[in-house]
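Sequence annotations record features per position, and here TrEMBL assigns domain 'YdbS-like PH' to A:62-138, A:261-340, A:414-489. Taken from TrEMBL, the feature transmembrane segment applies to A:12-33, A:45-63, A:192-211, A:231-252, A:362-382, A:388-405.
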Amino acid sequence: METRRYHPAIMLFGIAKAIRNWIVPLIIVTIFNNADNWWGTYAKYIVLAIMLLSIVSDILTWFTEKYAADEHAFHLYRGIFSKTSRTVPFEKIQNITKHTNLLHRLLGLTAIKFETGSKEKAVEFKVLTKEEASRLEQLTITDSPEQADIGQRATSEEDDLIRDDTVSEQTVSIAQERTVHFKPTKKELIKASFTSLSFLLVPPLLVSFVLKFDIFFDWSDVRQYLPLLKIWWISTLGLIGIIVVSLLFGMWRVLLKYSNYELASDEANIYIQTGLVSESFFSIRKDRVQGIEISQPILHRLLGLAKVKLISTGSLDISEDTEEINSLYPYFTLKQAQQLIAAILPEYEVEFSMHKLQQKVLFYRLLQPSFIWLAVTITMYFWRPEVFGYQISWWMVSIIALILIEGYRYLNFKHSGYLVSERFLQMKTGAFTTTLFVTKRNKMIEISKTQNPLQRWLGLATIESINRAKPVLHNEMKDVPAREAERFYIWFHQRANDVRRQ
Amino acid sequence: MQAQVKGPQHKLPKESLRVQVIGDVIFDVVVLLIFAVLFGLDLYFDWPSWIGFVLLVLLIISIPFGFIGYFATVINHRNWRYDMDEEYVQLKQGAWFQKDQLIPVTKIQSVETKQGPLLRKYKLREVEIETMAGDYSIPGLPEKDAYALRNEIAAYAKAKEEDD
């Protein structure tokens, strides 16, 4: 086991980060600073000092930190005078994310992060060579003895020892047999860029841009050009221009994220790859998936599309500038999503026909007093604001608010559904964006059922599941029949049936 | 599936209620003291009149809440149930708003017993269970029971599941 320093380029990244974080404040205090007091004079030195401190601390960190990896664990060392060391066994690792941003790419480097659990800190290498990254990744992957034989496990220790060796060989060979399940085609990308709606971001962005940069021009200078808008072809041209720019922008965003997208899996792991300029890789062992979340915002629902997200114990952002990459390609049709889940996670069975809530629940929910409505009504009654010179009648607003709230409740009721099958719990909720959560009995770490007096009177109860994630994931289904809640409780009490003891 | 789960049976001891009520009294005394100080400051510094009015309203509102507080403490105490076996810890709370929790012992990360001055006076200990999802505490068990429970949980929690 050899102890190594982190890659020296980490200092360069520290400098880049310091500059990136503080460049805007620095420009503000140097160029746009007209204050005549001590703050005006010294602000730039303060900002510079902060930048310098951050860089120096990064350099010192490099000199004081070391790491090592043997066959079973990471060992991380820190400190000059008081030394600390931390050992992280590979079996604790929940998922791995790799991220290569532009600077990484220019230098042929990458970053890797091993997530370990809900509460512990992840093992993170912010800068390292690609070879080192794949060496570490290989080490952690081949150590996991329970990888290949998820179904059948021997329990005696001798068996374990023997199996350890044979399996590590197996997994190496298996690791090569990746099947690619999905890679978006050009057509799919174009479709995605329309449904992503990110092109709608352009007009508000343009407006806020113009409003912010009016320091460079005078509004009165602009005013003389306004009559031009009355000429129809200029307006049309302008409008078309904005639409084209918006569409291109939307496409660019989707391309940036998904043109390189690949979803693959082998016997034991799932691999997701995204990003055009800065690349991200995500890999998770199948039996570490804590649950699946299928969500459908309104537009997705209208088009029959769905987003699928894998729930994992570790957090999924490797650095501040990456989005979550645990979601599978978010523009699958529902059917495609279903097939893919079956392909990559054969252990999961998602059942789309679920139990609906009882009719009485609808009335119970519609009749509940709404605090939002009450607050809106009371404020409107006393405030009576004027909009465009018209006084808004408070009872109008009150009625509209009531309709909206009751509509929301109705939609939520209509979309709600639950299912407690032999090994799975499924819960679907949501008014506008519906979310279907699926988890296995042995992946829930706790459950609870609650009942308020009204629910008791109506024979209803609320059930809640808690899963490992970062932060811990709570999901609840309100107003299921009390009998079902009781059944859910008993069902979880028998979870030992599908739990594998160590 | 048809099997019944036996709900939790163990109750909290009488002394625990006494401790909680004393705690409530202390809390109320502190609240009243704060009000007294505020009223004193109001008089002394001649604050605007509406502050005195607001303080008075808050004081009047807080009185019924104080009584509800005692009532709730008694009800909660009477309805607290806990139990554990080699697989699960069960907690049950509340009379009107009932909550049943089912926690597999394998998910327990640590057990602690704690004792403040009040608990010490009545020879009680609080058992605090830390799980992957959060912390739960059983307030005020007789010392002997608390240690026994702690040791029992610790012994069962040794079992590990593959995923942990």
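Including glycine, each Cβ sits where the backbone N, Cα and C put it.
Keep in mind the model is a prediction, meaning the values are calculated, not measured.
Under the criterion of 3 or more C-beta pairs below 8 Å, with sequence separation of 6 or more, the transmembrane segment (A:45-63) and the transmembrane segment (A:231-252) do not qualify as touching, having fewer than 3 such pairs. Only residues 6 or more beyond the boundaries of the transmembrane segment (A:12-33), in the same chain, are considered here, and those with a CB under 8 A from a CB of the stretch are 40, 43-44, 47-48, 50-51, 54-55, 58-59, 103, 107, 126-127. Residue counts for the domain 'YdbS-like PH' (A:261-340) under DSSP (helix as H, G, I; strand as E, B; rest coil) come to 16 helix, 33 strand, 31 coil. In the domain 'YdbS-like PH' (A:62-138), helix, strand and coil residues by DSSP number 21 helix, 36 strand, 20 coil. Helix first, then strand, then coil: DSSP counts for the domain 'YdbS-like PH' (A:414-489) stand at 19 helix, 42 strand, 15 coil.
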